[in-house]
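Only one structure is covered here, and it is reproduced in the block below.
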Number of protein chains: 6
Amino acid sequence: MRPSGRAADEMRAITIETGFTKHAEGSCLISFGETRVLCTASVEEKVPPFLRGKGSGWVTGEYSMLPRATHTRGSREAAKGKQSGRTQEIQRLIGRSLRAVTDLQKLGERQIVLDCDVLQADGGTRTASISGAWVALRLAVDKLMASGAIKDDPLTAKIAAISCGIYQGNPVLDLDYDEDSSADADANFVLIEGGQIAEVQATAEGATYDEEGLLRLLRLARIGCNNIFAAQERATR
Amino acid sequence: MRPSGRAADEMRAITIETGFTKHAEGSCLISFGETRVLCTASVEEKVPPFLRGKGSGWVTGEYSMLPRATHTRGSREAAKGKQSGRTQEIQRLIGRSLRAVTDLQKLGERQIVLDCDVLQADGGTRTASISGAWVALRLAVDKLMASGAIKDDPLTAKIAAISCGIYQGNPVLDLDYDEDSSADADANFVLIEGGQIAEVQATAEGATYDEEGLLRLLRLARIGCNNIFAAQERATR
Amino acid sequence: MRPSGRAADEMRAITIETGFTKHAEGSCLISFGETRVLCTASVEEKVPPFLRGKGSGWVTGEYSMLPRATHTRGSREAAKGKQSGRTQEIQRLIGRSLRAVTDLQKLGERQIVLDCDVLQADGGTRTASISGAWVALRLAVDKLMASGAIKDDPLTAKIAAISCGIYQGNPVLDLDYDEDSSADADANFVLIEGGQIAEVQATAEGATYDEEGLLRLLRLARIGCNNIFAAQERATR
Amino acid sequence: MRPSGRAADEMRAITIETGFTKHAEGSCLISFGETRVLCTASVEEKVPPFLRGKGSGWVTGEYSMLPRATHTRGSREAAKGKQSGRTQEIQRLIGRSLRAVTDLQKLGERQIVLDCDVLQADGGTRTASISGAWVALRLAVDKLMASGAIKDDPLTAKIAAISCGIYQGNPVLDLDYDEDSSADADANFVLIEGGQIAEVQATAEGATYDEEGLLRLLRLARIGCNNIFAAQERATR
Amino acid sequence: MRPSGRAADEMRAITIETGFTKHAEGSCLISFGETRVLCTASVEEKVPPFLRGKGSGWVTGEYSMLPRATHTRGSREAAKGKQSGRTQEIQRLIGRSLRAVTDLQKLGERQIVLDCDVLQADGGTRTASISGAWVALRLAVDKLMASGAIKDDPLTAKIAAISCGIYQGNPVLDLDYDEDSSADADANFVLIEGGQIAEVQATAEGATYDEEGLLRLLRLARIGCNNIFAAQERATR
Amino acid sequence: MRPSGRAADEMRAITIETGFTKHAEGSCLISFGETRVLCTASVEEKVPPFLRGKGSGWVTGEYSMLPRATHTRGSREAAKGKQSGRTQEIQRLIGRSLRAVTDLQKLGERQIVLDCDVLQADGGTRTASISGAWVALRLAVDKLMASGAIKDDPLTAKIAAISCGIYQGNPVLDLDYDEDSSADADANFVLIEGGQIAEVQATAEGATYDEEGLLRLLRLARIGCNNIFAAQERATR
């Protein structure tokens, strides 16, 4: 029995509110239950130094939690003067995931920065971030195409992410904070619409799992991502 | 004629949505027109080192803008590894202002941290922050009183802040971004319900002003703060 | 009765010793009683990136206290690896104040950096810094004009700063450390010769004040700044 | 055909030289072909603050590359003043992996720090680090047991890590630098002797893969880890 | 022929103005010609962690140059967020030198911090710092002895420092900036009254020297330090 | 009697293993007894900003200790976010020493970075670093000459470094950790083949020494450096 009363393969409610902020070229507030992340896409007409003059664009991600997004207040990374290893790990994952569905040549020599700021956390902030970042990216690219700056759509597919885990011996989908803090294993899957896998990060600190366990989690992840793909479709149609 | 079509003594619409996040002891999303700031109050059962064992509490503020709160994306302070002088100046102002209406003895040996995170900026973010922080503080203190942790109300009055400036030669109330970026002078007033002044920060970079000009701005500020006091009252009644 | 025995509207002795260091294009050691600040003006034939190629110059300020300028030794900001919020706030105020009396076009595409280093502190270090920085700036500009690098004088007026406060219920001029640490309210005024106001920063942490109180402090500030203008005139004549 | 001429399921030569440095409680120089990592285990009779007084120990990892471990010199993280996101990600992985085979209660209230310093890099530095860190940890624990400081062996199994990837369309084991820099997908597996999985990190930046692809990589990883387990056994017998 | 017209074994004028600042327990402004350093001694009733509870005191030094102490303005270390290697090297040298003439047991469990801030630089700032720091230390110790906090004098002797170098092939004493920037070799000697050597730092970047050259520099240093000992005696008598 | 049983003028065994890493243009593992330092020379076809376009090259050094090179683990400088004063002092010494035997004009507009990473420490790490860095530099320069990038040999002589000290009243050569931690005086000499002195750093913290003592240490240093020159010759012949 899950603390939330959900079935093992039941996701929390997903909502995506587009246009949440007015300055960004694309933006949405995505919720996985009580987890809420503000995702914005900013188009910059420049690329990182290693890409200058190569005709290719870049997509990158940044991530942060507001100090009181969590049960107890965390100190502000800007005040501490550095980003934690966890933050950097998640930022790298967001950027890598979105690049997996972007044709950087078609994007042209410009950069899109995806900022994912967690307003409220209840487990699954990195997966909500990736899923919402795709919506912000889609909206920003639509704007670039509408203005004629880009001709061919550089986005090759939808991408979404979801966490699964083994909670009290059972594989479950979309862990919330209560489950996450006592799960035996925790896996994040980034899947591409159509069935391909972009990324698997499966960790067992308290316990371990075998091949069959990994596959069960992957199958749950497919269920979850299909839900997210549908929500992304509704939000950007 | 103001870019927004407002009268010289007309504020933007103020909205205060309390309980915007669930973990904080007090929270609100405050809007001054298109400027939106998430304010949370976090109660911590500890005080800074210089107050330990003295029976007095503390109230402090932190401030940040999300990278794409603004027209063009600003780089993240956590990534740069330090907070700008502007951020620190605003943080100090928030804390000082809220302490001006808090009896720290009555608060008891605990700290309340007021986090003000700007989700969208259109001028006046520091004044919206102070005004919203009071609401979050009020809600958190109410909770402490309801639980019996505090007996006597430590909050002595409402406090609010507003910017005024001289725009194209005329004193105007509550500058938005368009006005702020071309104003001749810019003043922030922090006023206490009942008429007292907690803080004046009046700056003339492009121009200068005289005593009469300062008083005119102060009178506009009184109009604005009275509006904010009314909104604070509705939000916390 | 003030601890120093001064009358309410009586400033401490002001002395300005020009040419205190030999390398700077302009320099002075300014004293407000026991507060002593070394102010230097350094001319650099370059401007910050945002001004490059625009034909405009820049004036900026930096501020620091020697570790043992104060009653008890403070740790060195260079050793801590960052400047405090207070330091940054003061630096920004110095630069803004001096720019208020400088025609940046006439200065030409060069920068003048005003370094204010407090050798000994007894209250009023920021106001002594601004007042002394003007002298250093005046001397540096004179040198540029004498050499023919600048034709028209870019300095439009004298500028000076002074603190006032409410001490034991009475408005007093030019607070020293003993008064400052127990004052009910503290205000710094930056005034321009001729009567205009460049900046007001009035803070009430322990108490609050009303409009009449603010005006009284402003009138005291005018008395103080007139004294400083006279000392600046003597020093640079 | 692989650049090195190896078969798809063929690992590079593994060597483990124990006792490479004399001060550490456990140490080895592990080589996966031309990749060489110095792993040391340092026993400290203290635990991180969150574990104090709880009777539990801790195992953590740190990772670094010497500046010229690579083809072109990288700048020193100590000189830059911060560790890269990649470094922090690997450090977290090393610690998590080793904790997966350590009974922290049996370790007692002490910490073992596993330092993995890459002397020469040719792909697979993180997997060699984990595999060598286990040897250093084993030796340090043996010493603690020999001295009577620990009674029951806290290490529950061997653990090893290996990278696999899809190179020119084919799944291959133990990527070297030439393969790694042009692989379509890259996966790191951390496996426990006996068949359990501790961690999977599978990334597809240029391409993507499906469930079958993931399983094929996992099967290659099993072959590789079995080789490493044998080398670990020889080194610590 | 030296640029200054001095003889090879002729020092610049030494002046020592004690009591230059009022808060420090000991202070002086020391000048070696145009080089001027403000030295203060601050007594703190605590010791660094490694000495706590051992009944021994500590003496340490800090060093900084004001930004415009030099011909061209240097950026402020506090603004850059770190101290240069040169600054740290000099700080370590100041502390080590003063500890060479202090009996730390007799000092008791307290720390004396010697701050050396260069107001104007013209070569020899580190040697002036050490020589002036001794005077500040002597004055602070005298105060501790006068108050009864210390019984036996912990200072065992005078200590002074001077630079020598090979300028245009000739050994010369007390290099000023013009000589220093073109000298073939540069040596700093820290000598103790009575003839003992505390420290030698002799560097040849452009050229090299032999044993005889080293001895000649040492003999010049003796002449210079004897002058400084006499000035220290006059200043503290 | 020395703890190691060595005679006063007896060095520890010196070994130099060239080609220890494969990527660097020059590399060696140098051992002075149990002290082992990995030295690499990296050729970069660029120079620091202050040398650009001047036709001159540059040689610089970096130094680090692995965390467990020492008896007890030291924290990693990259994790602390800054290099210690000791590290910076040693880095500056390495660079200065190697430049003393390099004709930077002949090197051409390129930079050689000498990285000295201490794998195991037992006293004398800085002197082993300098001595080994010369071998790495020699090998890198040989490669540049073999490829025709440089015509005339820019290295003018061998350079080596050794520590000497006064241990229990007697001057001894090449202090190991046991001696170093209790020596009365400690001196590092950097000597050039043929008899010239590049650098002397002689420090007396616990005690002091006189001219005769300094000369005795210098004579011991000559014996030690002659041994190192011979080892360098064998390694690079």
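Glycine is no exception: its Cβ is also placed from the backbone N, Cα and C atoms.
B:ARG86 is the only one of B:ARG73, B:ARG76, B:ARG86 that TrEMBL places in the phosphate site (with B:GLY124, B:THR125, B:ARG126). The binding-site residues under consideration are B:ARG86, B:ARG126. Their Cβ neighbour counts within 10 Å are lowest for B:ARG86. Across the domain 'Exoribonuclease phosphorolytic' (B:10-140), DSSP classifies residues as 45 helix, 41 strand, 45 coil. Other than B:ARG86, B:GLY124, B:THR125, B:ARG126, the residues of this chain whose Cβ falls within 8 Å of the Cβ centroid of the phosphate site are, in sequence order, B:TYR63, B:ILE90, B:VAL118, B:ALA121, B:GLY123, B:THR127, B:ALA128, B:SER129.
Taking the Cβ of B:GLY124 (phosphate binding site) as centre and 10 Å as the limit, one finds 27 other Cβ atoms among all the protein chains shown. Break the domain 'Exoribonuclease phosphorolytic' (B:159-222) down by DSSP state and the numbers are 16 helix, 29 strand, 19 coil. Across B:ARG86, B:GLY124, B:THR125, B:ARG126, which the record gives as binding phosphate, the greatest C-alpha separation is 13 Å.
In sequence order, B:THR35, B:VAL37, B:MET65, B:ALA69, B:ILE90, B:VAL118 constitute the residues six or more apart from B:THR125 (phosphate binding site) in its chain with CB-CB distances below 8 Å.
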